[in-house]
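Participant: Pasting the feature list from TrEMBL:
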{"type": "TRANSMEM", "residues": "7-25", "note": "transmembrane segment"}
{"type": "TRANSMEM", "residues": "45-63", "note": "transmembrane segment"}
{"type": "TRANSMEM", "residues": "75-93", "note": "transmembrane segment"}
{"type": "TRANSMEM", "residues": "99-116", "note": "transmembrane segment"}
{"type": "TRANSMEM", "residues": "137-154", "note": "transmembrane segment"}
{"type": "TRANSMEM", "residues": "170-188", "note": "transmembrane segment"}
{"type": "TRANSMEM", "residues": "239-257", "note": "transmembrane segment"}
{"type": "TRANSMEM", "residues": "277-299", "note": "transmembrane segment"}
{"type": "TRANSMEM", "residues": "311-327", "note": "transmembrane segment"}
{"type": "TRANSMEM", "residues": "347-365", "note": "transmembrane segment"}
{"type": "TRANSMEM", "residues": "386-406", "note": "transmembrane segment"}
{"type": "TRANSMEM", "residues": "412-433", "note": "transmembrane segment"}
Amino acid sequence: MADRRTFNVVILGVGFLFIFTAFTTCGNVEQTVVKSLGNSTFTGSGYHSLGIIYGVFSFSNLLAPMIVTVIGPKFTMFLSGLLYSGYIAMFIVPSTWSFYLTSVLIGIGAAMLWTAQGQFLVENSEASTINRNTGMFWALLQCSMLFGNLYIYFDWNGRTEIPDNSRRNIFLSLLVISILGTLSFLVLRKSHHEEEMLSEEEGQSLLSTRTMYKHRANTAMQDTKSEFKTILRLLKTKTILLLSPCMAYSGLELSFYSGVYGTCIGATAQFAEAAKGLIGISGIVVGIGEIVGGGLFGLLCKNSRFRRTSVVFLGMVAHFVAFYLIFLNIPDDAPIVFETTSLKKPYLTPSVSIALLCSFLLGLGDSCFNTQLYSILGHAYAEESTPAFAIFKFIQSVCAAAAFFYSGYIMLMWQLLLMVILGFTGTLCFFVVERMQNFSVDIQEF
């Protein structure tokens, strides 16, 4: 049983590794690619596309548990992977209408994918292994930041513009990788929970296959109504309310490191011909930070209650140091310029070393916050994991969508200040929730 669960967690991580090698690389370079298109009929914005993705994602999260309940997490993740692959394929022959249509579809697919992932991870974990499995999955996932961005660096280094043949080659490669990740979900084995469900259905009267699945769908619809009521109930609980600022902050910093910061580096005039290649290196270093955080805090630390507060505090410090250095090192107008490079000068002469150090700190801090949010939700809502993870992704993605929409209009300084305020508030609230959890455990032991 333990070996099968570990196998499932590893395959789950590998599948996400392939799919998000394609998607995170795409998100990191998307605005830069759009700016370099020679097609005068294309009027899309990378920021707006990412904003649509996360906006649709946020509201689809409320319905995603129904789909996961009806068809199961395994096939939900497979169908979602197909939608991710469709979005990547659009960049091979881009058009404005398909750009925004696939943005909507991938938003729906992302909601199904992450809700199914949360449920599948919990089903294949126990109280003693949830932290290990979360860290293992997160480390595998964040390896996705390495390979695609390495390709970007070697292909774009020294370029000031991105030619069409380079764009097509990159996205054809990413499409193949995304399809491989999608197919890997088909080799996942049934969890003990799924086997029990099938045994109950097969143990009933001799029903035809069609009737059996119709009965299962009707039961799932009833369960979905109950799940939606559970979501509404959980939204009113003190734990979710207190974790909301931390979840919201994770959305803001997600949009910043995954789409905005790379664009800022690429638009920094002082980096000259190295600027475009640095987008890829920055993405790699963010990934290294994510891997260090997921691996170190998910696999090596044993005292989960002590670890959560300590790791979240470390994440806050890492991010605040990064924000201050970015404020000094990157031009204030870097996020908002479109066809030109930045016109303003930063407080310091832009340094590649400082820019990449900030990338590492952004990745490390993001891993700190996300692994601990997963951990505390899995601990506090072990019996209600699907609605709890749906709420988390809803709040996170609403804030990420808002951040992507304002990122193209607001100066860098104000974006950083907003993240500092929300990050500090979210960390304090996380500490309060952890204290509540410890107090609850102490009462039960007493």
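Every residue gets a Cβ built from N, Cα and C, even glycine.
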Participant: Give the nonlocal contacts of the transmembrane segment (137-154) in its own chain as ranges (CB under 8 Å, at least six residues past its ends).
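Facilitator: Result: 9-10, 12-14, 16-26, 28-29, 121, 170, 173-174, 177, 277-284, 286-288, 290-291, 293-295, 298-299, 363, 367, 370-371, 374.
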Participant: Are there at least 3 C-beta pairs under 8 angstroms linking the transmembrane segment (239-257) and the transmembrane segment (412-433), leaving out pairs fewer than 6 apart in sequence?
Facilitator: yes
Participant: Between the transmembrane segment (7-25) and the transmembrane segment (170-188), are there three or more CB pairs that fall under 8 A, provided the residues in each pair are separated by 6 or more in sequence?
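Facilitator: Contact criterion met.
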Participant: For the transmembrane segment (7-25), which partner among 45-63, 75-93, 347-365 gives the most CB pairs under 8 Å?
Facilitator: 75-93
Participant: Please work out whether the transmembrane segment (386-406) lies in contact with the transmembrane segment (75-93), by counting C-beta pairs under 8 angstroms that are 6 or more apart in sequence and asking whether there are at least 3.
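Facilitator: Judged by the Cβ rule, the two regions do not touch, with the required three close pairs absent.
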Participant: Quickly jot the same-chain residues contacting the transmembrane segment (347-365) by Cβ under 8 Å, restricted to those at least six beyond its ends, or write none.
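Facilitator: Contacts of the transmembrane segment (347-365) (Cβ under 8 Å, skipping residues fewer than 6 from its ends): 142, 145, 253, 256-257, 261, 265, 268, 270-271, 274, 278, 281-283, 285-293, 314-316, 318-319, 321-322, 325-331.
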Participant: Using Cβ atoms only, state whether the transmembrane segment (99-116) and the transmembrane segment (45-63) have three or more pairs under 8 Å that are 6 or more apart in sequence.
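Facilitator: Yes, the stretches contact each other.
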Participant: Six or more residues beyond either end and a Cβ under 8 Å away: which residues meet both conditions relative to the transmembrane segment (45-63)?
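Facilitator: Apart from its flanks, the transmembrane segment (45-63) reaches 27, 30-35, 99-100, 103-104, 106-108, 110-112, 114-115, 228, 231, 251, 255, 258-260, 263, 390-391, 393-395, 397-398, 400-402, 404-405, 407-408.
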